[in-house]
């Protein structure tokens, strides 16, 4: 291995990767570049072009949108993340004095916990440590250099492709296994691009578990896209292992948000994506991360399909095939060719004792029949309840997508108004109204998740009243904004829009404050699903 003392990565000017270390004691000494203030309570990213992008440190809003507390964070670029990573490696190397790429592998093995690495490093068993980390102790004499005794002009076969090349065309790791550079390049490219491996790429020799160091990878790969992918992969664990760092969940965004303490608070990336730092989902006030996670799982898995089957079908009492009733008669005949059982849909008993009771079962009140019917009714009620909340959740989600498209329409309306002797400041009420509308849609969407898991009590009734009031006002505001605004109706509609979005803001604040008050005073009781 040709080990360089430096740890240099050159990032593509047009693309970035990201990574960050633990709670870095010396992070204040790093030049993190300029940061911007971000209002974390604003709505989604689609307003680019009307609203500016966010980034840098932020003031976190209170539950109603007001800035009740500081929740500061930084949005870090690839270079800034790499600075943190290199600084962490440098701090460790000041003590253990190994090549930087070896130290990076050691830190990765210990999930970037410097204290754990130091403790193991000085416990007196270095050979065991390096063996566990799958690297050769750099203090040992290199077997690779001992083997380089052939003349560079003498050809030798590669043990992968079996083609002959000069000795100078071969390279390897400290384990002593050498292969031609072409095979190395193709091997590394396959591992990085197709298998998504970065920090755990081992020597291609059969049975050898020695890891490929970063300098070797960067030296043997010539494709800049593969290098960039590798940079993303090796730094990923750096972010994932640090509770103060979180990747932006937006597709193709490689920024990282760094906070001073982890919490379920809204943060906004420079790309415009606002998300919950705790769970990484879109900001979901007023529902807590725990319940949102359960809701998403419930929506994604087949549990509701099972509920529908339980509510609308029954099993044949003989062969247990699932049967759906498609007529009014209770006389059921199993269509399974190997069964053909005849039974009563109501009590699931054999049909023969029923005589002429084609539409009514006189054994309806028997314990077994009652238990089966009660179970079916419970399943049906659970399904109907789920569909009630799910439909409203999805409706607001769909409306929110439509509302985001309003930004483009509003921008056009604002430009038209300015051409009719209105100033820029006079038309800003439209943008503000769409901002409020999107905030209300998002809040309403997540109130239905909150309500789904909420047990009924006096406080839940107040919550539902607040929810209904906000929902009605939001629909009225949406209707105002979708109207065609003529010059004659401008002043009238302007007053209505301003009054309504201010009312929506107020009602949204009341709803959120009530929910958060319930959290603080432990007023809410939940249905465990």
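Every residue, even glycine, has its Cβ placed from backbone N, Cα and C.
What Swiss-Prot records for this protein:
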REGION    1-30  region 'Disordered'
REGION    49-68  region 'Disordered'
REGION    77-125  region 'UBA-like'
REGION    154-365  region 'TRIAD supradomain'
BINDING   158, 161, 180, 183  Zn(2+) 1 binding site
ACT_SITE  329  active site
BINDING   344, 347, 354, 361  Zn(2+) 6 binding site
REGION    380-529  region 'Ariadne domain'
Here the recorded positions are 180, 183, 329; the one whose Cβ sees the most other Cβ atoms within 10 Å is 180
May I ask for the distance between the residue listed as 'active site' and residue 344 (Zn(2+) 6 binding site), taken between their Cα atoms and rounded to an integer number of Å?
9
I want the residues beyond 158, 161, 180, 183 whose C-beta is within 8 angstroms of the mean position of the Zn(2+) 1 site's C-beta atoms, in chain order.
159, 160, 162, 163, 165, 179, 181, 182, 184
Which secondary structure state does DSSP assign to residue 158 (Zn(2+) 1 binding site), in the simple three-class scheme?
coil
Neighbour count (Cβ, 10 Å) for residue 347 (Zn(2+) 6 binding site)
22
Structural state census, the region 'Ariadne domain' (380-529) (DSSP three-state):
124 helix, 2 strand, 24 coil
Residue 344 (Zn(2+) 6 binding site): tally of other CB atoms within 10 A of its CB:
21
Tally the residues of the region 'UBA-like' (77-125) by DSSP class, grouping H, G and I as helix, E and B as strand, and everything else as coil.
37 helix, 0 strand, 12 coil
